[in-house]
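Colleague: Annotation comment: TrEMBL describes 44-77, 189-230 as domain 'Iron-binding zinc finger CDGSH type'.
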Amino acid sequence: MPDQPKGKIVVLPAGPYEVHGDIPLYKEVLLKNDDKSYRWDHREQIDVPGDPYRLCRCGRTTHPPFCDGSHAGGDRPFKGANRAPFDTVDDRAVILEGAGVDLRDDIDLCSWSRFCHTPHGKVWALLKDTDDPDIRAWVIRGCSECPSARLTAIDKATQLPIEPTLPMEISVTQDPAEGISGPLAVRGGIPIETETGERWEVRNRVTLCRCGGSHNGPYCDARHKTIEFDDGNLADSGEGVQ
């Protein structure tokens, strides 16, 4: 029997994410292209202090992206309630039918990363035209690059999800076009579990909240946009449109 991946993320009670298994950590910047689509850029690996290492979840650290214990201090200690259910995307999502590809949409997972924006319009409006190979390719790209997997393209013939092959890694994201720091983009099917071992559905693409404001914790629910979260490193990430 093949060895199982040893990497995992443990969501500590009222505390940080504890990352096990030598999972590499990167920083990435979300940039808007001239054609109105989006891409990740300025990718750099971040040195980690060891295995495991701890990433801030409360949004208060003075040493981002790592935990510095700030969650336990002050007049209002971080509570960090995990409200995300332990069900599956298939339990929640709706399937929208298209001409050449279908779309699975789990709105609760939206992290406001905007890969659903294409040069031809938003992916939902394009579904009726996905018998056109170029339009279909843009819809598949928009879904596959959605870091939270709110959106997944579904092959019409097999009814199987169209998923990219991704290595196990975590990225700390910045969104200078919106003037905000983004979530943790977790890729490659890294298990995410509570301290007691209860595990959320293992998915290829996940975004985890690091602003401390999500109402669907530990997942990002785009609350970082509402509260205008800046982890202190946003100014170093550029203008956001290139």
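Glycine residues also receive a Cβ, built from the backbone N, Cα and C atoms like all the rest.
Map the listed features onto the structure and describe their local environment.
Modeller: Tertiary proximity for the domain 'Iron-binding zinc finger CDGSH type' (44-77) is limited to same-chain residues at least six positions away from its ends with a CB under 8 Å from its CB atoms, namely 10-12, 14-22, 24-27, 170, 172, 181, 184, 208-213, 217-218, 229, 231-233.
With a cut-off of 8 Å between Cβ atoms, the residues of this chain six or more beyond the domain 'Iron-binding zinc finger CDGSH type' (189-230) that come close are 5, 7-13, 17, 23, 55-60, 65, 78, 80-84, 86-89, 108-113, 146-149, 163-164, 166, 168, 170, 172, 178-183.
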Colleague: What average pLDDT does the predicted model assign to the domain 'Iron-binding zinc finger CDGSH type' (189-230)?
Modeller: 98
